[in-house]
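Student: According to TrEMBL, the feature disulfide bond maps to Cys70-Cys108, Cys97-Cys138, Cys101-Cys125. The feature domain 'FZ' is assigned by TrEMBL to 23-141. Annotated domain 'G-protein coupled receptors family 2 profile 2' per TrEMBL: 217-505, in sequence order. Summarising the annotation, TrEMBL assigns region 'Disordered' to 524-564. Feature annotation from TrEMBL assigns signal peptide to 1-21. Annotation source TrEMBL lists transmembrane segment at 223-244, 320-337, 349-370, 390-416, 437-458, 478-498.
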Amino acid sequence: MAAGRLGPLLLLLLAAAACRGYDDSGTCEPIQLSLCKDLGYNRTRLPPNTDIQDAERQTLSFSSLIQYKCSSRLNFFLCAVYAPMCTEKVNVLIGPCRTLCESVKDRCHPIMSKLGFDWPEALNCSQFPVENKGSNMCMEGPPETAPHRLPVPHQLPVPRYSVPHHGLRPSYHGPPRALPASPCQHFVRPNFYYYVNRTGRCARACNADVAFSQEHKQFADKWVAFLAIPCLASTLFTVVTFLLDSAHFRYPERAIVFLSLCYSLTSAGHVLRLAAGRQAVSCEIEPQYNVPVLIQQGLGNAHCVIMFVLLYYFGTASSLWWVMLTVTWFLAAGLRWSHERIQQKSTYFHLLAWGLPALKTAAILVLQAVDADELTGSCYVGNQDLQTLLGFVLIPAFVYLVAGISFLLAGFRAIFRERGQAVRSRSVERLEMLTMRIGIFGVIYTVPATCVLAALLYEYTSREQWLTQLDVHPNVEILMLKIFMTLIVGIIGGLWMASLQPCQVWRRSLQRFQKRPVPPYLERVPTSCPHHHHSGSLEPATRPARHHSRRPRDAWRPGGETQV
């Protein structure tokens, strides 16, 4: 009898202990989940044996369904489940109401069922309170604003719906039904990605701050402008000086002019990006979702294609012209080739320095490997694909650097070996001084090239960790150093040109366009030929006619020789 009376009481105590074990498992704390901001409440309580990173992964696992926007209340509903409202006034967590769950299910379940998936049992709406009344407190959420029915996509990556083994009510207990994982789930912030069916890749949202903050992007824009504009001005000065007196520049210094030309067009590409705007260059509308995403295959964006050609083609050509500089310098300094002999081989220099970048650029366009960079908003190759970064950027940069350094070392070895063996004239010493200055310029180039190569290697080895691990962040200083070293060579080229006293070239060129003064004896020459004979001295204007009226006898005979 007593046992029969104690039975219901014992069951009541066990149920209360079960509920108390969840409700009193900690104090309220601020919501730190990236998906659950600006909800109308800002405090929650994590269950025992659950850290913030685990909760973050749980909420972000629904990112694909959120991006499809089947319901505007889906985000709030998920946050109410994974980060229920916590207040010090009550000892229970306040989760979603049943009406909120049914509204979300009514809109999102048809999308899932058309794709062959059921509504997760762990999100069964029957476990939530019917309404916010009395002790059964719950949140009804904001009103629905999305269209009631959306077209069903051909394929939607459905995430793994994994609800913790705790719950707002005892009926939450039990393992959920596991669904296939989202292809974008391995990223730290999968809610910023859109899975594109036609490419089979995850496209990053256009303005999403995935690896870099807005402060980093704004500083990168200012940093690029601070370097690109002086680089453009400096290299244009070098190119225009060469055009004014091209005969004055011989190999190997002529290679510096072509290198400056490449840097002028490279810096023009950066200026184009700054003028057009970040979104106009680096983003495009993805038709599958009708939202702007960061470009992965940039052939559909004219701004992106133009910037890619300017940066990659002329950037690669600048590296090859540096190699040509070291080659011609080695021929002049090490092998003592004359300018005329080097000039005879210049066709091969141009063929290699302009032809190889053209082939690589065409290959990238055919492969549709042009993509955009999140930090700078520029279009290049390998910004989102490590394989293209390795094949088209990293390995070629290493090969060019090793080749150039090899010719520099061979040239300096030949110079130092010959210095102590022969007596040199003053003209030879002056020529060697100019040759040494060109060689020093080639050596200075190796410092930025080495830094850029190291930064590329850092990107190649660390980028995947930035995007997939919460505790790993990119070193922005290294990336800013890469931008600096990429453009500083063009500025150095202008300074090197200024050291050659180009004022004389500009002065001679300007004198061609100035009106020269007329000699005093020509001022008396009449402007028209008179019809009567003039008396007095013979005017200079009549001399050419008298001179040409007499033809030297036997001055030149066809088939013969000139008679002296």
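Every residue, even glycine, has its Cβ placed from backbone N, Cα and C.
What's the neighbourhood like for these features in this structure?
Tutor: Close to Cys108 (disulfide bond) in the fold, though at least 6 residues off in sequence, lie Leu65, Cys70, Ser71, Leu74, each with a CB less than 8 Å from its CB.
Cys97 (disulfide bond) has a Cβ environment of 24 other Cβ atoms inside 10 Å.
Sequence-distant neighbours of Cys101 (disulfide bond): residues of the same chain at least 6 apart with a C-beta under 8 Å from its C-beta are Phe77, Leu123, Cys125, Phe128. DSSP gives Cys101 (disulfide bond) a helix state.
Sequence-distant contacts of the transmembrane segment (320-337) (same chain, six or more residues past either end, CB-CB distance under 8 Å): 251-252, 255-256, 258-259, 262, 349, 352-353, 356-357, 400, 403-405, 407-408, 410-415, 432, 435-436, 438-439, 441-442, 445, 449.
Tertiary proximity for the transmembrane segment (349-370) is limited to same-chain residues at least six positions away from its ends with a CB under 8 Å from its CB atoms, namely 255, 258, 295, 297-299, 304-305, 308-309, 312-314, 316-317, 320-321, 323-324, 327-328, 379-382, 385, 388, 392, 396.
Same-chain residues lying 6 or more positions outside the transmembrane segment (390-416) and placing a CB less than 8 Å from one of its CB atoms are 312, 316, 319-320, 322-323, 325-327, 329-330, 333-335, 360, 363-364, 369, 380-382, 432, 435-436, 439, 442-443, 445-446, 449-450, 452-453, 456-457, 460.
Packing against the transmembrane segment (478-498) from elsewhere in the chain are residues 219-220, 223-224, 227-228, 230-235, 237-238, 241, 256, 259-260, 263-264, 266-267, 270, 315, 318, 375-376, 437, 441, 444-445, 447-449, 451-452, 455-456, 458-459: each is 6 or more residues past its ends and has a CB under 8 Å from a CB in it.
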Student: Mind giving me a neighbour count for Cys70 (disulfide bond)? Other Cβ atoms within 10 Å of its Cβ, every protein chain shown.
Tutor: 24
Student: Look at each of the disulfide-bonded residues, Cys125, Cys138, and point out the one with the fewest other Cβ atoms around it within 10 Å.
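Tutor: It is Cys125 that, of the disulfide-bonded residues Cys125, Cys138, has the fewest other Cβ atoms within 10 Å.
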Student: As a test of reading the model: what is the averaged pLDDT for the domain 'G-protein coupled receptors family 2 profile 2' (217-505)?
Tutor: 88
Student: Determine how many residues of the domain 'FZ' (23-141) DSSP places in helix, in strand and in coil.
Tutor: 48 helix, 12 strand, 59 coil
